[in-house]
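The annotation Mg(2+) binding site is assigned in Swiss-Prot to Asp488, Asp494. Swiss-Prot lists 555-614 with the feature domain 'KH'. Under the heading domain 'S1 motif', Swiss-Prot lists 624-692.
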Amino acid sequence: MFNHHKVEIEWGGRPLILETGKIARQADGAVLATYGETVVLATVVSAKEPKPGIDFFPLTVNYQEKTFAAGKIPGGYFKREGRPSEKETLVSRLIDRPIRPLFVEGYKNDTQVIITVLQHDLENDPDILSMVAASAALTLSGVPFMGPVGAARVGYVGGEYILNPHLDEMAETKLDLVVAGTSDAVLMVESEAHELPEDVMLGAVMFGHRNFQPVIDAIIKLAEVAAKEPREFLPEDLSALEAEMLKVVEADLRDAYKITNKQARYDAVNAAKAKVKEAFLPEGAEAYKWTPEQVATVFKALQAKIVRWNILDTGSRIDGRDLRSVRPIVAEVGVLPRTHGSAVFTRGETQALVVATLGTGEDEQYVDSLTGTVKETFMLHYNFPPYSVGETGRMGSPGRREIGHGKLAWRAVHPLLPAPEQFPYTIRVVSEITESNGSSSMATVCGTSLALMDAGVPLAKPVAGIAMGLIKEDDRFAVLSDILGDEDHLGDMDFKVAGTAEGVTSLQMDIKITGITEEIMKVALEQAKDGRLHILGEMANALSESRGELGEFAPRIEVMHIPTDKIRDVIGTGGKVIREIVEKTGAKINIEDDGTVKIASSNGKEIEAARKWIHSIVAEPEVGEIYEGTVVKTADFGAFVNFFGPRDGLVHISQLAPERVQKTTDVVKEGDKVFVKLMGFDERGKVRLSMKVVDQETGKEIVQEKKEEKQEAEG
């Protein structure tokens, strides 16, 4: 019944198993992949005919985590998986990026890749396994895919690279780098690092590339026995159309790409496009020699060629810069004075308005995942409204691109943030892209660094980011610093590098062609470092280090520690005590399981009142100390006084006043505020208090009484 095939290798100290022919047999390609005890299913389905009326490749990648994979039931009313989580979105992008450039150019059949996590051993992250499984499923499917692709995660501990570190090892590593590619080329890199030098980052990329070669060999071995017949697909030969179109618009496009202003350049390009449409798709014609899709495809290819020729032949770019120059930069801080921290970072025609907000433990984000619930104290949200590129468009929840760009900036800044013990605030940063012409994610990095420092967050060092590009033809290549949007679309490689003056904190690389050597990547990284240092210098003109104190409108947080066995006393039955403290002092209070108490308010008096209240609950009163209390009950033999948090004590009638007292209520009534001295404890541990040794006006001890006590003791 089943035509089952299986390949198994040892990889990174664990077995990697690829199977096909038993599950999801109606898909074009399906692979069940196991690494350790983590299991994923990858499937590929591609339409038999191209999607009409489009000039792009309609590829969709969906990565999904099923909660049953970790033995859990989803939360919420419906108890089933809902919209994709942030991680699912990010892993979908991670899988998409290395496979997309490997489809044969011109293939436009609707294609969907679905990867489902079926089992998680809580040691091996499913993301790398999912990339491998997707590559294997595509290789078996028969679609025109020039793979297979391998992938690996690289850690860095004690000066040594680690292949596919376990989840518990990730806490120790100074690097979390994912690399993917073919047998002879790196295609994609995604990473977070703790200020590592460029040579260590490049070494990690090459280490990963070498170590995923056995995976590629295993996929090929499986394909040799299980792959479907390749689909017949011949890319269209549009060279004749290209030659004709060059005659019509080459001069117009060359002139258009000499215009430095983005909108004016787009107007000129659109005029050239209209000229092409008139020449090849005239209105009223009964039939066309070329289809609208073919004309659009060739026009787009011509744009790329003309830009690339200009750069390689003249060393001059679209906006007139040379290869290494960074666009003019203006950095400003404190632009929204009532917010906790703000900055506007402008680089050429790209601009980010970034605002930092400080919150308390109540504002932490709880993220449910297969490995458990994680508390996030740093959030970075990137928004790309359509007006930033002079267009109308959809508004609403963030798309995959916005989530991905936000996470890239998050990775760049995260290693420089203070530990929660040093800075017990929840931080949310929002980056609004108000203008865009390339490199908006790196503008977000720069703006975030400035906004955090403006808010008084003790960032270890300023962070900057730069987007780089590469154009390669045969043996000639050009590395471009601070690329424009057009250079991003028309180039062969774009990579984004963020970090401090000392090292790299984030590296993202996407390579669209083969033949990018280690030497070319080294040149590109060194050029990116020069650009990053220049940007840091420009940022320093606005703010070079964190302000010494928090903004006027930011909350203040004081941290205190209480014994864990006292947590119950502070919270009270059903939360009664802590609610009363919050209501009466106005401060926000967060208590953690280890006894850490965070008290927050924009008013210092509220914090102090809450701190004293909590201290009075958990501390023990000291013999000989004077306390202010409230009479809570009177009796024939004395008065009970609440003097230390919830603790009451008896002032015997003989201790109410220096003179003889006939009746307790002659001296005090319920509700009176009094000063008492803790004299000690009786044999049953009951508190003994005295009022007569304390001046009830000043709260000071009566010295004469002390002398008499001393004389009595000596006598």
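Using N, Cα and C of the backbone, Cβ positions are placed for all residues, glycine too.
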DSSP state at Asp494 (Mg(2+) binding site), helix/strand/coil:
strand
DSSP three-state assignment for Asp488 (Mg(2+) binding site):
helix
Mean pLDDT for the domain 'KH' (555-614), rounded to an integer?
91
